[in-house]
Amino acid sequence: MVPLVRGAGGSHQWLAAVLLGLCCLLPAGRLAAPGGDFPGAAADSLVVRKGDTAVLRCYLEDGASKGAWLNRSSIIFAGSDKWSVDPRVSIATANRREYSLQIQDVDVTDDGPYTCSVQTQHTPRTMQVHLTVQVSPKIFRISSDIVVNEGSNVTLVCLATGKPEPSISWRHISPSAKPFESGQYLDIYGITRDQAGEYECSAENDVSVPDVKKVKVTVNFAPTIQELKSSGVMLGGNGLIRCEGAGVPAPVFEWYRGERKLISGQQGITIKNYSTRSLLTVTNVTEEHFGNYTCVAANKLGMTNASLPLNPPSTAQYGITGDAEVLFSCWYLVLTLSSLTSIFYLKNIILH
């Protein structure tokens, strides 16, 4: 509403006539019907965006001496006398007949009915303009980032203002970008780890671009080991076992050979832990390093493990490794040559 104050100039008789005429035309405080009752009225309603300039058109008839603008029952202008203290309002006069009201930087408080009254030779004639101020959507409240355990029920809230009232929609920002039904509240029942991530709330009313805000949902779950794999090992060489895991919070990894916990930096063992994997390296492999290795992953929600044997090379299945294999080959060659010599010797005896 435009703030008002009584002007210092103008004819009191003219103002009295205007108010009296309005009282007669608007019994019991009711407003005149939209559309006015004199020619030259451009429109009976005006829609503008908040912050824009509104021009409420009104024109004087031939023979009309004065005009007045009122906001509900309060006078804004009487003729050229300004009764409002609001610096945003003025009279727009593109020609001698125009008597339009201009409001700069309109706000929602300016919303409502305005009446233009024109003094003719006989009686005041009026026209009403209803000003509607549209407001861009604005999200004023959204759920904070949350951390929940897998299987919990989650409710996200997004509240927005605007005129017209904005519609609210949600979507999960993921490779599938799954949309949800519109509404201020988004309910997720029995949330899973795949439903973790950012959720986007969008408020839209076609006045301007949608207002968008995001909330992050973190889903805790117990660790899982997805892969346990080793590289080939040889005596005197290096061996590597890789343990791939997942969990939120990130799991803590430990290693065991048999029942014994392994410590990085001891007995040629090096362990490097990352958020989703652990690497165990064995330097200068000896027979003592062979055995069953277990990777353990744990966080506050649980623990899991997986085991893998670290065995000698495939030749070890015959009990032959390293220098022994060379000796065995030499011995086998000697036996073979000896057998051939014996055969030739027997053949000569028979022939002779």
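Including glycine, each Cβ sits where the backbone N, Cα and C put it.
Among the features that Swiss-Prot reports, signal peptide is placed at 1-35.
Restricting the average to the domain 'Ig-like C2-type 1' (36-132) gives a pLDDT of 86. The domain 'Ig-like C2-type 1' annotation in Swiss-Prot covers 36-132.
A simple way to gauge crowding: the CB of CYS58 (disulfide bond) has 28 other CB atoms within 10 angstroms, across all the protein chains here. Swiss-Prot lists CYS58-CYS116 (among others) with the feature disulfide bond, giving sequence analysis as the kind of evidence.
Here the Cβ of ASN71 (N-linked glycosylation site) has 22 other Cβ atoms within 10 Å, regardless of which shown protein chain they belong to. The N-linked glycosylation site annotation in Swiss-Prot covers ASN71 (among others).
What Swiss-Prot records for 137-219 is domain 'Ig-like C2-type 2'.
DSSP assigns ASN153 (N-linked glycosylation site) to coil, not to a helix or a strand. Within the same chain, the residues at least 6 positions away from ASN153 (N-linked glycosylation site) whose Cβ sits under 8 Å from its Cβ are ASP187, ILE188, TYR189, GLY190, ILE191, listed in sequence order. Marked as N-linked glycosylation site by Swiss-Prot: ASN153 (among others).
Annotation source Swiss-Prot lists disulfide bond at CYS158-CYS201 (among others). Long-range neighbours of CYS201 (disulfide bond) (same chain, six or more residues apart, CB within less than 8 Å of its CB): ILE139, ILE142, LEU156, CYS158, ILE168, SER169, TRP170, VAL212, LYS213, LYS214, VAL215.
What Swiss-Prot lists as domain 'Ig-like C2-type 3' is 223-311.
Sequence-distant neighbours of CYS243 (disulfide bond) (same chain, 6+ residues apart, CB-CB distance under 8 A): ILE225, GLU227, LEU228, PHE253, TRP255, ARG277, SER278, LEU279, LEU280, CYS295, ALA297, ALA306. In three-state terms derived from DSSP, CYS243 (disulfide bond) belongs to an extended strand segment. The disulfide bond annotation in Swiss-Prot covers CYS243-CYS295 (among others).
ASN273 (N-linked glycosylation site) falls within a strand segment according to DSSP. All protein chains considered, the CB of ASN273 (N-linked glycosylation site) has 18 other CB atoms within 10 Å. Annotation comment: Swiss-Prot describes ASN273 (among others) as N-linked glycosylation site, evidence class sequence analysis.
The N-linked glycosylation site annotation in Swiss-Prot covers ASN284 (among others) and rests on sequence analysis. Around the Cβ of ASN284 (N-linked glycosylation site), the same chain contributes GLY236, GLY237, ASN238, GLY268, each under 8 angstroms and 6 or more positions distant in sequence.
ASN292 (N-linked glycosylation site) is surrounded by 13 other CB atoms, counting those within 10 A of its CB over all protein chains shown. Annotation comment: Swiss-Prot describes ASN292 (among others) as N-linked glycosylation site, evidence class sequence analysis.
In the three-state DSSP scheme, ASN305 (N-linked glycosylation site) is classed as strand. Annotated N-linked glycosylation site per Swiss-Prot: ASN305 (among others), in sequence order.
What Swiss-Prot lists as GPI-anchor amidated glycine is GLY322, and the listing cites sequence analysis.
Closest to ASN273 (N-linked glycosylation site) by Cα-Cα distance, out of the recorded positions CYS58, ASN71, CYS116, ASN292, ASN305, is ASN305. Closest to ASN71 (N-linked glycosylation site) in space, going by CA atoms and restricting to the recorded positions CYS58, CYS116, ASN292, ASN305, is CYS116.
Counting in whole angstrom, ASN292 (N-linked glycosylation site) lies 13 from ASN305 (N-linked glycosylation site) by their C-alpha atoms. Using a 10 Å Cβ-Cβ cutoff, CYS295 (disulfide bond) registers 24 neighbours.
Non-local contacts of ASN305 (N-linked glycosylation site) by the CB criterion (under 8 A, 6+ apart in sequence, same chain) comprise ILE225, THR294, CYS295, VAL296, ALA297.
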